[in-house]
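Accompanying notes for the structure given below.
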Amino acid sequence: MAVIQKHGKTYSPDLVCHKDNHPPAKIVPGCHKKWPEHNTSWSRPVARIWTVVLLLGTCLLYCARVAMPICAVSMAEQFGWSKRESGMVLGSFFWGYCFTQVFGGYVSDRVGGEKVLLLSAAAWGSMTAFTPILAHFCSQPILSMTLARFLMGLLQGVHYPSLASLCSQKVVESERGFLMSTVGSGSYLGTLVIGGAGSLMLDLYGWQSVFYVSGLLSVLWAYCMWKYLLKGEGPIITLESLGSSGVQSKLTKRHWLRLLKQPAVCAVIVTHLCTASTFFTLLSWLPTFFKDTFPDAKGWVFNVIPWLVAIPSSLFSGCLSDHLISQGFDTASVRKLMQFFSMGVSSVFTLLLCGTTTFPWAVAFVSATMGLTTFSHSGVSVNVQDLAPSCAGALFGVMNTCGAFSGVLMVYFSGYLIEATGSWASVFALITTVNLLGLCTFLAFAEARRVDIDSTKVRHHNIHI
């Protein structure tokens with residue numbers, strides 16, 4: 001074994017293990033057998049192909065996810081659901097979504113994110129396509145649809161942790177921002193596609209067609225990924241590949257305890273929690289804000305324009321961050337700059353909504369807010385891959401779980417504020433406060449050096465070689 005030092009401004013003291021001509025007598029304590037080496041990274045052409053494929057997959061993920069909210073009114077009329085029952089069906093997705101985040105990242109770190117993405121996409125795509133059949137052939141559609149949405153949440157919960165794991169293992173540091181921001185824009189693209197095409201299919205062919213088309217397209221995407229990118233290799237996940245032995249489990253516990261004590265790791269968790277909370281709140285309450293404040297306004301304007309702005313904004317943030325890093329700027333400083341735009345500058349436009357404004361200005365402020373929020377794809381979302389590439393999927397799962405729970409709590413609390421104060425200004429002030437809290441935490445403690453390496457043990461071992 002030999003020990004080398006990583007080059008670059010953001011990796012100054014960190015050490016990693018790699019093989020040379022000497023026989024590997026021992027495994028260095030603190031080094032994980034699944035840590036990616038540089039020769040496993042995708043070449044640029046391959047990375048571009050995967051970027052397009054993963055963008056399409058994320059787009060279809062949101063098409064399948066948003067199919068139920070689009071069809072909820074028609075289904076409620078057909079099956080006689082009340083508002084409370086409709087809310088139960090829609091809300092069941094969240095509970096399943098939270099439970100598989102960490103598990104999906106954990107498995108992805110050990111067997112490869114592409115395998116988990118493939119299996120989950122085939123599963124949730126099939127579940128989406130079978131949803132109308134479950135609704136018609138079950139004597140209690142409310143129960144079958146609630147269970148179906150819960151299972152959808154379970155299956156889709158592994159998507160983003162798997163992406164984080166795959167990116168950390170296969171993409172070089174200077175290109176991660178572009179890939180994550182591009183793939184992240186698929187969520188906005190999917191919302192737009194299903195909102196337009198789904199509404200048209202709903203009017204022409206009924207709500208069942210929305211589920212059939214989005215589900216079958218998702219299964220087709222999974223098949224093409226398996227056939228042409230994975231070359232038909234079976235996505236087999238065994239207990240051995242998961243590292244289920246007792247010794248490895250003990251090492252994993254020590255590894256995680258040491259990791260969670262790092263200030264930089266705590267900073268990304270807190271910052272992602274704040275980012276997710278404010279995003280979920282804006283996503284949930286902005287349509288109601290426009291309906292209450294501008295009752296005569298056309299819904300398609302404020303439901304479409306902000307997402308049209310968010311897509312190019314997300315792509316621009318990824319290109320900008322990768323360009324700055326390739327020019328030699330410190331990686332940690334670039335991540336902080338992106339997060340400053342996402343949480344700092346966006347809060348300025350959020351506060352402008354507190355005052356009296358016209359409908360065009362309100363749409364402009366909201367579009368600027370949502371566009372700038374996408375800069376987090378090149379900030380905190382990719383920073384976890386800088387800190388802990390050996391377990392980026394599981395760590396991102398922890399972040400996303402915390403963000404999902406806090407997001408739901410903040411959405412409920414925002415509704416309480418609206419009823420208690422009768423003013424939307426209190427909600428926008430709350431969003432700004434949470435954003436600034438997360439931003440200050442990130443600016444103070446964020447780093448870009450690897451913290452998943454026990455460098456003291458590596459140095460100690462090196463003395464005995």
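Note: Cβ is positioned from N, Cα and C throughout, glycine not excepted.
Heads up, TrEMBL stuff is auto-annotated, nobody curated it.
Residues or ranges marked as domain 'Major facilitator superfamily (MFS) profile' by TrEMBL: 50-450. In the predicted model, the domain 'Major facilitator superfamily (MFS) profile' (50-450) shows an average pLDDT of 89.
The transmembrane segment annotation in TrEMBL covers 49-68 (among others).
The transmembrane segment feature in TrEMBL is assigned to 88-107 (among others).
With a threshold of 8 Å between CB atoms, the same-chain residues lying at least 6 positions outside the transmembrane segment (116-135) that come near it are 54, 57, 60-61, 64, 67-68, 75, 79, 104, 107-108, 141, 144-145, 148, 151-152, 155-156, 158-159, 162-163, 165-166, 207-208, 211-212, 214-219, 221-223, 225-226, 230, 235, 237. Here TrEMBL flags 116-135 (among others) as transmembrane segment.
Taken from TrEMBL, the feature transmembrane segment covers 147-166 (among others).
Annotation comment: TrEMBL describes 178-198 (among others) as transmembrane segment. Residues 47, 50-51, 54-63, 65-67, 70-71, 163-164, 167, 171, 210, 214, 303-304, 307-308, 310-311, 314-315, 317-319, 321-322, 374, 377-378, 381-382 of the same chain lie 6+ residues outside the transmembrane segment (178-198) yet bring a C-beta within less than 8 angstroms of a C-beta in it.
Sequence annotations record features per position, and here TrEMBL assigns transmembrane segment to 204-224 (among others).
According to TrEMBL, the transmembrane segment annotation covers 264-285 (among others).
The transmembrane segment annotation in TrEMBL covers 305-325 (among others).
The transmembrane segment annotation in TrEMBL covers 337-353 (among others).
Annotation source TrEMBL lists transmembrane segment at 392-418 (among others).
The annotation transmembrane segment is assigned in TrEMBL to 424-446 (among others). Taking Cβ pairs closer than 8 Å, the transmembrane segment (424-446) reaches residues 263-264, 266-268, 270-275, 277-278, 281-282, 285, 289, 292-293, 332, 335-336, 339-340, 343-344, 346-347, 350-351, 353-354, 379-380, 383, 410, 413-414, 417-418 in its own chain, all 6 or more past its ends.
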Result, the transmembrane segment (204-224) in contact with the transmembrane segment (147-166) (3+ CB pairs under 8 Å): no
Which of 264-285, 305-325, 337-353, 392-418 contacts the transmembrane segment (88-107) most, counting Cβ pairs under 8 Å: 392-418
Segment proximity, the transmembrane segment (337-353) to the transmembrane segment (305-325), 3 or more C-beta pairs under 8 Å: yes
Folded-back contacts onto the transmembrane segment (264-285), same chain, C-beta under 8 angstroms, at least six residues removed: 339, 342-343, 350, 366, 369-370, 373, 376, 380-381, 383-384, 387-388, 395, 398-400, 402-404, 406-411, 414-415, 418, 427, 430-431, 434-435, 437-439, 441-442, 444-447, 451
